[in-house]
Amino acid sequence: MLKYSALFLYLIYVGGSESAHSRIVGGVPVAEEKVPYVVSIRMKEIHVCGGSILSESIVLTAAHCFDKSKGYSNYAVFAGSNRLSGGLKVEIQNITIHPKYIGPSDWWKNDLAVVKLKKPLNFSKSVRTVKIFPSYVPENETVYAYGWGKTIVPFFTLPNVLQKLETKALNLTACQKSWKEHVVESQLCLWTGHGTGVGLCKADSGGPVVYKGKLVGVISWVQVHCNTKKPDVAVRLSPYFENGLRKR
């Protein structure tokens, strides 16, 4: 059962925070031991989103990854592998959606979900937590996004091996030139540049955006059809953690 709870940010804190389609087109494969905190979230064994391990029983991902009409019993987390053909399946106890998340009509603001696992993960070299970066990423700094999203547009082709995208953090003013007021300070824009043909895509959603080895964002949405002419958008985690824990 999907849960909408005021305890949402507390759960994140004790852990360590068409439709929206978020691609890694033009990424490179990455070994599982390099990013042991990345998990695959699957519905009936089909990959739908990525996620990040915050504790032995908590995974952080995007709210839009879940269809509440299907119920949590059809979803599971797969950890410990960089391949969609592998991973240890862990059942989900509950899913807590950010209480202020609305969805497409609000441009996916607060697109965060906390997944609590039925059983704790057993940590190893391929299963580890990631810490949250506590402040803003400076403009034009290099960040990395990870996912199993579409790699070939327009075909629905998911890679078996986890992909890494090197991209840049774009400031809010520059991002709003593309997305206008739809993008706000609690969102993080990612930009690889015009004409690169590289970016995020469907099924990358929920995956981590990482800066200096720490989690700075959760992949949220991109331009429909994974058109790389506009910046990709993630949830920026730092506003949720300024001055310790702060509810938004």
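Residue numbers in this text run from 1 along the chain shown.
Just so it is clear, glycine is given a Cβ too, placed from its N, Cα and C backbone atoms.
Within the set CYS175, CYS201, Swiss-Prot assigns CYS175 as the partner of CYS189, by disulphide bond. Residue density at CYS175 (disulfide bond): 23 other Cβ atoms are found within 10 A of its Cβ, drawing on all protein chains shown. Around the Cβ of ASP111 (active site, charge relay system), 30 further Cβ atoms fall within 10 Å across all displayed protein chains. Separating the Cα atoms of CYS189 (disulfide bond) and SER205 (active site, charge relay system) is a whole-number distance of 14 Å.
Taking Cβ-Cβ distances under 8 Å and a sequence separation of 6 or more, the neighbours of CYS65 (disulfide bond) in its chain are ILE41, VAL48, CYS49, ALA113, SER205, GLY206. Of all the disulfide-bonded residues listed (CYS49, CYS189), CYS189 has the fewest other CB atoms within 10 A of its CB.
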